[in-house]
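Now, the feature entries from Swiss-Prot:
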- 1-64: region 'Domain I' (REGION)
- 65-143: region 'Domain II' (REGION)
- 144-170: region 'Flexible linker' (REGION)
- 171-224: region 'Domain III' (REGION)
């Protein structure tokens, strides 16, 4: 199985890219959101990947974070949801948006993705609601995937121009994971904690871990 690819971006299309890894080109299918976030042609790129092998088909799907990869795997496990629909959902909402929608039972947001009807959206939310806390707690990002990428590729192709440096790990995913961990340590159940953190993150997308914890605790406090 191929779990991650690091190489140079050779070509991009409307739904896939070609990544050159030591002279071997890999076609990787991605969501619209992931495609938009990738660097330019000729630059170093790293993607987490999921490989699908069937009798008549072998495909690689690429993701910017471990959470996105896990949501793809889970979405494809739902009856009536294939890789194309999964990528449409991730492209429309992003992994954080999928986490929020499923944790909050917001099937209307899931339905906003191309090719997703109301029944399928409701089934997704119902089947995956218990999975949201675990995915939201994942902290792997593309920045972590890029660690060492420059050195590896430059050894292979020393004449190539140096790529842009990857941003340090962190951001909304790390804040969400930290907030979930804190609420779990305080004794809150996974589903309640995930719903509270998801709502807090939706109301304040730029909030850090501490602010998310405070906001989630207010939401979880008994109503008088």
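If you go along the chain as it appears here, the first residue is 1 and each next one adds 1.
In case you wondered, yes, glycine gets a Cβ from its N, Cα and C as well.
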Can you give me the average pLDDT across the region 'Flexible linker' (144-170), rounded to a whole number?
43
DSSP residue counts for the region 'Domain II' (65-143), split into helix, strand and coil:
58 helix, 0 strand, 21 coil
DSSP helix, strand and coil counts for the region 'Domain I' (1-64)?
6 helix, 39 strand, 19 coil
